[in-house]
Ligand SMILES: Nc1nc2c(ncn2[C@@H]2O[C@H](COP(=O)(O)OP(=O)(O)OP(=O)(O)O)[C@@H](O)[C@H]2O)c(=O)[nH]1
């Protein structure tokens, strides 16, 4: 692997969120199992054998599933069984033990919002609210029943608000994780995923894609001469100009300090070379203006089309090698990569 592929994260924002969810659902399953087993002992000691037996089976099942799916996504059917079994135990407890059983309805409602995402969680909690309300009305005096139902409804509403806000927060987080704060273009987070998908599209359907690696020339000198803040302003403007040249479905990433990657879906090498030329010209033809000064900036670019039987790493390395060649040959130019990854020889 060469320098650029080494820097890329192979973990996407969705992977990170997924890991977090796996941790939360796993912990709930463990906690549920341990709590139920502890309560089983209490039930058996007071001679409540029927409920104790059901709880024993449920507790062992939860622990078993938490163990089996440790560090992995727990299938929805297991999560539904978890809620289903605990609801049955809770309903049984309300019927047998009256008010004491009611206390278990609250944590169960809350667990729904953690075990299922968004609308699924709200739906599951709504079903439980209906179920528990019915059991409560049948088992408790009317005077108290409506109070319990009102408190369950309040938890349902609060939980629903929480679930909606959490979903919005997740979307915002996902956007923040993949966005470069300085330029507003995508950072390198999703590069691996996008390149893998493009490689797959080519391998499976022969649909071409090309990439352009672009690097500002002598940016260190610009920083040294005008200061880092001025350099930041230039980077912002460079990204804006690049975006203005690209089409809606082209993807622009800032993958290093002054290094950009453009992924052109459905573009053959000839199309990508045209785009690279436009990018070069949009940067070099008009000077960049600061408050008191203006500077000329140039861009070197390497272009590579995806080819058969090559991984995304090799594809990226070919573009990177072409970029280095553009730098070596004097900068402010576009070079296309050879189709062979290890062969650094390039053709113009
Ligand atoms: N202002 C600013 N500068 C950055 C940022 N990230 C990296 N740089 C600077 O970019 C410069 C990159 O320097 P080099 O890697 O030597 O590359 P170069 O000077 O552009 O030279 P060539 O690439 O060979 O043309 C360094 O001075 C970094 O400090 C950033 O976010 N803001």
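Placed from the backbone N, Cα and C atoms, the Cβ positions cover glycine too.
Unlike curated records, TrEMBL annotations are generated automatically.
TrEMBL lists transmembrane segment at one of the ranges 52-69, 178-195, namely 52-69. Check TrEMBL against the ranges 123-142, 203-222, 223-242 and you find transmembrane segment recorded for 123-142. Long-range Cβ contacts of the transmembrane segment (52-69) within its own chain (Cβ-Cβ under 8 Å, at least 6 residues beyond either end) map to 26, 29-30, 32-34, 36-37, 39-40, 43-44, 75, 78, 81-82, 85-86, 88-89, 92. Each residue in the domain 'GGDEF' (207-339) gets a DSSP state, and the totals come to 59 helix, 33 strand, 41 coil. If you look at the transmembrane segment (123-142), the same-chain residues 6 or more away from its ends with a CB under 8 A from one of its CBs are 80, 83, 87, 90-91, 94-95, 98-99, 102, 105, 108-109, 112-113, 115-116, 148-149, 152-153, 155-156, 159-160.
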